[in-house]
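Input: a single structure, listed below in structure tokens.
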Amino acid sequence: MIPLSLLIMSLLLSCGGGILCLLLKRREGDIRLGGSGVGIAAALAGLGAGLTAIGAGQPAVLDAAGPYPFAHFVLRLDPLAGLMIAVISLLSLVAWIYGFAYVREYAGRGVGAMGFFMNAFIASMMLVVAADNAFWFLIFFEMMSLASYFLVIFDQDDEAVGAGFLYFLVAHGGSVLIMAAFFLMANQAGGFDFAAFRAHPLPAPLDSVAFLLAFIGFGAKAGMIPLHIWLPRAHPAAPSHASALMSGVMIKIGVFGIVKVGIDLLAASAGPAMLGWGLLVLAFGAVSSVLGVVYALAEHDIKKLLAYHSVENIGIILLGVGTGMIGMALHQPVLAVLGLMAGLYHLLNHAVFKGLLFLGAGSVIFRMHSKDMEEMGGLARNMPWTALSFLVGALAISAIPPLNGFVSEWYTYQALFAAALDGTPLVAFAAPIAAVLLALTGALAVMCFVKAYGIMFAGAPRSHHAEEAREAPAAMVAGMAVLAVACVALGLLAPLVAPVMGRIAAATIGAAPVTLAVGATLLPGDAQQATLSTPLIAILLIAMAFLPIGLKAAFAAKRGGDRKAAAPWAAGYLPDHHMPATAGSFAQPIRMFFAPLYTLRRAIAGRWTGITLGFERVVTLARRTEPLADRSVIAPIVGVVDAGGKRLQAIQGGDFRIYCLYIVAALIALLALAV
């Protein structure tokens, strides 16, 4: 019961912290100190709950009476829930440390309300993954969506309010589909407890209907393509430490839901249908991974770029989950554990490096007051710790060894290779294609973060704000440092982490553990297939780093002249900050190659110079890229909904008596149906 005790302590501290933030709403200094202190304590208790749940032999269960016979209040901490709570708590801990200094940006704008919604958001995420009853799961899921909605619209400008409205619609549309899936299972089970769902499997084809409903509903929360439209709008609108939680943790609740329904609740009833489910998840994962990074390459807004990379990495996680489901369908426990373990390992790794990148971007925006990379440049000189932290995150998300992103993607490759060798002809056809698309995704991710880091931190400053930028406050640097160290540790210590992730995957599937590491060597269940040693890679890389230093010392000679800093030659013109390559020009070759995936929208942009201000207006034609998925898939749906809404305006006469009549008519209709 230790995990449950620590979880309850964490939840109580979060509730107390939220109330404290409201009570101290006029004393922002006390909110920063007290709210952050209580939040850190809650995160540490939650981290303890998650880690002890992972290490426990049996799930910890709390069963209490609810307000209705079908609404038993049941919390269940199994290894999968423990992993999710540990990830939520780790990101929350860093967000509270970072936020201690960051919320100064919002002085006089309701810091107390921000603290309240942050506490509610974190607590509701923990309750979602711990809930073992469909009624309470949906209640906590809605609480999570509402708390995050208020964080998205916190700036209260038109962009934030529009993004929040879109997020609200997609979140609740997904909730309706999840509710429908749970109602199908509850009708068969005779109750809303997840234990009853497991004990009373759905017959075919209702099992596939329930899975598809849940997959679409949770997929919308995860941000997989084509249900991603809210993500690149909502995440950039939220405060940066909230963005780190939303992108690092909240969208993983969608993946958790897919695993919960497809592998846990419906596993007993799946049978042959599980193969189709796995291939479906694999296909959506492959498409999301490629399109996510392609769309990220076209972005100039750093937070939108990172949001699209969340779409990409959700796709990579789904590749692992889909492979695990294929292994279950083929009755190959090693493949099942390997695939799910790869997905869960990347879930953890993405939470760490994406949280780091959002916090790094937030530090830059904190000093620059702009999200546009074109206005940055040369920030490594004035913000060295932020630049170093962002570089670690960029290397990790680009799967550069020996950091954590490389390890989980390596396991994903191995799972796909194993599926190609041991699967049916259809699997043998799909798995290599998925592996090729994963390789393409990795290459494009490297290019995208070379662009992002180079434009932001390297070269000369492109604006006055970039020239005058200072390092972020110490608390913000400390928060980034925690995640940077975690990126390195989860890679170098992979021989210790991988077996733990394997045990979580095996417990979720109900299979025997698989050997995933021997000593300092990683292996995908079979040493004959492949092996990897991240500590050895680290040693070789360090040795290679010292090689140029040694060569320079060996061949050092006095130069004929002294070096000095000077302006670059610009073909006879005075150097200007507009001359260096821009983010758009850097990505232009890739954007042209993938032109069918974009829509080019022309926009007229006006600009005045000092000379022409009184004489003429200089007009330029700008081309802005829009993802084809938004225009070809989402826009028609929006159009149908909009047209339906306009037709329903006829019954909105504004007369209160008519509205009461509608309520009475609906009640009579429901009573007639019940009879």
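Positions of Cβ are set from backbone N, Cα and C atoms, glycine also.
Nobody curates TrEMBL annotations by hand; they come from automatic prediction.
Database features (TrEMBL):
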- 6-24: transmembrane segment (TRANSMEM)
- 36-60: transmembrane segment (TRANSMEM)
- 80-103: transmembrane segment (TRANSMEM)
- 110-129: transmembrane segment (TRANSMEM)
- 131-421: domain 'NADH:quinone oxidoreductase/Mrp antiporter transmembrane' (DOMAIN)
- 135-154: transmembrane segment (TRANSMEM)
- 243-263: transmembrane segment (TRANSMEM)
- 275-298: transmembrane segment (TRANSMEM)
- 310-331: transmembrane segment (TRANSMEM)
- 343-366: transmembrane segment (TRANSMEM)
- 387-407: transmembrane segment (TRANSMEM)
- 474-498: transmembrane segment (TRANSMEM)
- 504-524: transmembrane segment (TRANSMEM)
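For the transmembrane segment (6-24), the most Cβ-contacting stretch among 80-103, 110-129, 343-366 is 110-129 (pairs under 8 Å). Take the transmembrane segment (474-498) and the stretches 36-60, 80-103, 135-154, 343-366: counting Cβ pairs under 8 Å, 343-366 has the most.
Note on the transmembrane segment (504-524): residues 54, 78-80, 82-83, 259, 263-264, 267, 324, 328, 333-334, 336-338, 340-341, 344, 407, 410-411, 414-415, 418, 494-496, 498, 530-536 of its chain, located 6 or more positions outside it, place their CB under 8 angstroms from a CB of the stretch.
As a quick check, the transmembrane segment (243-263) and the transmembrane segment (80-103) clear the bar of 3 or more Cβ pairs under 8 A, pairs 6 or more apart, so the two touch. Most Cβ pairs under 8 A with the transmembrane segment (110-129) among the ranges 36-60, 135-154, 310-331 are made by 135-154. Ranked by number of Cβ pairs under 8 Å to the transmembrane segment (36-60), the listed stretches 80-103, 135-154, 343-366 are led by 80-103. Outside the transmembrane segment (135-154) by six or more residues, the chain places 66, 68, 70-71, 73-74, 106, 110, 113-114, 117-118, 120-121, 124-125, 127-128, 160-161, 163-164, 167-168, 171-172, 175, 178-179, 182, 192, 194, 234, 237-239, 242, 246, 250, 253 with a CB less than 8 A from a CB of the stretch.
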